[in-house]
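Trainee: Just passing along the structure, written as structure tokens.
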Amino acid sequence: MALSNKPPLFSFSKTEIPGWLFFCIFVAFASVRARAASADSDADDALSDFTNDLFTDLGPLLALFGEQMTKQYISESTTYYDYFIFGMGPIGVITTIVSTIRLCGPASLRAFIGRSKEGNSTIEAELCTSTSRDVCEVFNNGGITRVLGRPKLLELIHVPKKYLSVVETSREMNRETGLYLFRDFLEDAGCGRDSDSTTPPEWSRSRPERLSPASQNPPNLSLNVGITQYDPWIFRLVASAGLMLQAGVLVVAGVGVWVLDWNLNESTTASTNYAPTMFIMGTVFMCGGMCASIAIIGQATTEVRCRRAPAVTGSPVTSLIWLQPRQVIADQSFDAYAFIEDPEKPLLV
């Protein structure tokens, strides 16, 4: 829910049009153009005219699934299912290669693509899912925007009064309100520290254990709030469907030429020697390369995940609260916003 504030000077109304409607319009227009062209041509050239006109008219649609869509998918991919699905439907091949070089490539390759002087914060804001001291995420008009800078975003944990006696903390002031700073709550619970940290010496064990630097970064709003969470079986289904479709294309390419002697040009013989082999090898290498490239980008950042312990009888039911005041970050104005977590749908911060 948004905090009360003055109305903006300008307001814009957005009317969302389903993506499938654009797709149907493009396909229908392309089919009409192809049929009109085929009516005036010979029967032998009907198929080639149809395919040429179809891909020409679908050019704007194919351009839509290009650079920006590829970058958006890359910046929201966190699991190996996401990487595999992208490999089975490789879109934006050049964009993926350039993105991998920008993030993980050596200086020579970055200079080759004209990105030798690009800062790490710009790359992180555009391609990665992480937040850091230079990159943050803020609420913006009902959505979430990634910007460069440090946000003013207050993270609180609310504990109901009947559970205050269960929470172990030395902060008496917080017991009166039931509100805790997120970092203080993690420190008291012993969470968020480096997993590979060694046992501290005797002289420092009496000091409170501090959070790791990664745990002190701004919260990742897009992965928790901006993206709809689906059940894992949906990703398995999509990955299986993509694998079967790609395998079916390879089988048709080999069987159609080597067994059925399919050939679009009747005046020549079927390319039984090299064409299917090159197509199959190229498809396998391209899908594998795209899957590996997006996996390299996704695994380039360190993930720190805070998960609630399984609920037991008498355990406190906490709620996460994000409070964002009106502020200006990187010459951009952002209005005030408040988000309260639903206890029945806990987040993985």
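Cβ coordinates come from backbone N, Cα and C, glycine included.
Nobody curates TrEMBL annotations by hand; they come from automatic prediction.
Under the heading transmembrane segment, TrEMBL lists 83-105, 233-259, 279-298. Residues annotated as region 'Disordered' in TrEMBL: 191-218.
Could you tell me the structural context for the features on the list?
Mentor: Away from its own ends, the transmembrane segment (279-298) comes close to residues 74, 77-78, 80, 82-84, 86-88, 90, 93, 96-97, 99-100, 103-104, 127-129, 246, 249-250, 253-254 of its chain (Cβ-Cβ under 8 Å, at least six residues beyond either end).
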Trainee: Determine which residues of the chain contact the transmembrane segment (233-259) at the Cβ level, with the cut-off under 8 Å and only residues 6 or more beyond its ends counted.
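Mentor: Result: 79, 81-82, 84-85, 88-89, 270-272, 275-276, 279-280, 283-284, 287.
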